[in-house]
Amino acid sequence: MFTNNLTKNALVTLVSGFMAIFIGFNTVQPAEAYPIFAQQNFKNPREANGRIVCANCHLAQKPVELEVPQAVLPDTVFEATVKVPYDKSIKQVGANGKPAELNVGAVLILPEGFQLAPSDRIPEEMKTKVGNLYFSPYSTEQKNILVVGPVPGKDYSEMVFPILSPDPAKDKSVSYLNYPVYLGGNRGRGQVYPDGSKSNNNVFGSPVAGTVSEIKALKSKKGGYEVTITTASGNTVVEKIPGGPEVIVSEGEVVTVDQPLTNNPNVGGFGQGEAELVLQNPARIQGLLLFLLATIGAQVFLVLKKKQFEKVQLAEMNF
């Protein structure tokens, strides 16, 4: 989610700046720090109906993928792989109205008790896969919800989250069960700001019915247009269009209410996914192994006894 007035909030600027420095990516515009706005406006990123709140600002739907192990043991580090695919050749409309590379971000909602693995617990091989990504908890009370981004999509359309599983022997609130894991992933900027206003990565429509009487190109650095519409009663309404979208109507054209005046510049989108993993009890695995060994042993014993019985029968027949 994005906004143009991020600099008004010192805390948000500090957090966004730290994230950008940490990942070595210093070209992220403040308007692209979308995870911050979900954290600011929603206590929980997943609503009761299962919808992740990032969809409030990122209106287009795009696919995402989530891969987790089928089962994990307690107090172990494992990988959760997030994929946010998109065509790397395309560019989006930046906040300044100019073409820009797409960034990606994600929110991973883990079961309670699961959390980001400490650095000293992450194997070197996994650290290589993680790269320079910086993950942060959604809040101090929700360490099981992790956010990342915005980061360059050309480098991180696939992200590896290092996760530490809980130990029910130490945390009595956790049980050996089958758990859901939820993902929200995005590529590109949003179409709506948290206050409900449109970004320049959106379609702009006619506020009234009438005739387009003038289309004026603005001379500001960010570009844009002023489209004047004259209604049937003779009133004029001016629709200001920021730099980025292209005007698709012409002077003298009759338009209706909400008819698009511009193209849709958005090339990104948001998607949700989910997976399941089992927090496996080691004692169950040990019990299963013992059962299998006992079963195999019994089968071998029966085969040997059968062969021994056949030998005795054969000897009696020969006698």
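Each Cβ is built from the backbone N, Cα and C atoms, and glycine gets one as well.
Annotation comment: Swiss-Prot describes 1-33 as signal peptide.
DSSP assigns Cys54 (heme binding site) to a helix in the three-state reduction. Marked as heme binding site by Swiss-Prot on the basis of sequence analysis: Tyr34, Cys54, Cys57, His58.
Taken from Swiss-Prot, the feature transmembrane segment covers 285-305, and the record attributes it to sequence analysis.
Counting every protein chain shown, the Cβ of Cys57 (heme binding site) has 23 other Cβ atoms within 10 Å. Of all Cβ atoms in the shown protein chains, 25 besides its own fall within 10 Å of the Cβ of Cys54 (heme binding site).
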